[in-house]
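Engineer: Please see the structure below; I have some questions.
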């Protein structure tokens, strides 16, 4: 037991190495830009002031979002997704997978679950002993189930999921802006110092050239580092913006979620604007700030209305006299699952299928309407 505990502690300690490396690079970049470039290299006071104001603005936003991404605890499934004591004991005693699935199905009937395993079974985590909510996955590095898990990022030593996905996107955005700003403002001095380094001696330099000081090494290296990080961050940032627009996680991009009606890679997509709002919130004034504004609770997510779900209950309506079927107002089956869908979109989807799904009885005027899948 002791060796295992020591090994686990060593693994947790080593996991902070990438974060420490990034912190050291950021601290050095601050010193190189503020002291070596702005103080020792730039001669114009006005240029120094403008550069320092914008640099500190981007630096603060970058560090703030990076901090929030690292130290925001991943959200976990609530207690309602844990098996009750009696069912848990029965589940542990059962050896047949079929019997265990029957127990899970009984418990899952009262839970808002729409996704399944590839074989159509209930998604259950034996490690955490919880029924996995939709879009929830177990992280082996964090040793926990994470709501709307995207991936485990070693550069932040944390799981990126529902609770900090917005912070992660902002971290990528501000780190890209930070590096671009440094590369753009350092470029002219990089060229001058690079030309200076190619000359044999400082005496051969024209009078308008920069002096040959130790600052040139910081400026040269600063441009190379900023340009290198720009290229790597740009590709990652572009990819995650594409994921946000499609309302997919990294896991779902590689393995489409399986619903009751089958796998659907666009099952959680509500349209570009609603997909953006689900991550960044409704109030645009908070979009660029690393404060939590994501919609929902991470346990349930609205889905596209794609096809009829045989397991979804039907709604039976009794039309009033002198009212046509088109005048009947149909309320959603689950308001929490449709909080991001506009009423107009819902009404249009219902009315489009009303004519095809209407069944009239010989003895009554009962109309049965099959709702589209909310899985």
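Each Cβ is built from the backbone N, Cα and C atoms, and glycine gets one as well.
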Engineer: If you check TrEMBL, which stretch out of 87-112, 113-138, 139-164, 217-242 is marked transmembrane segment?
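Structural biologist: It is 217-242 that TrEMBL annotates as transmembrane segment.
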Engineer: Is it possible to list how many residues within the domain 'Palmitoyltransferase DHHC' (123-254) are helical, extended or coil according to DSSP?
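Structural biologist: Going through the domain 'Palmitoyltransferase DHHC' (123-254) residue by residue, I get 74 helix, 16 strand, 42 coil.
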Engineer: Which listed stretch (15-42, 167-191, 217-242) has the most C-beta pairs under 8 A with the transmembrane segment (49-67)?
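Structural biologist: So the stretch in question is 167-191.
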Engineer: Which bits of the chain, at least 6 residues beyond where the transmembrane segment (15-42) starts or stops, bring a Cβ under 8 A of a Cβ in it?
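Structural biologist: Same-chain contacts beyond the flanks: 48, 51-52, 55, 59, 62-63, 66, 70, 141, 154-157, 182, 185-186, 189, 210, 213-215, 218-219, 221-222, 225-226.
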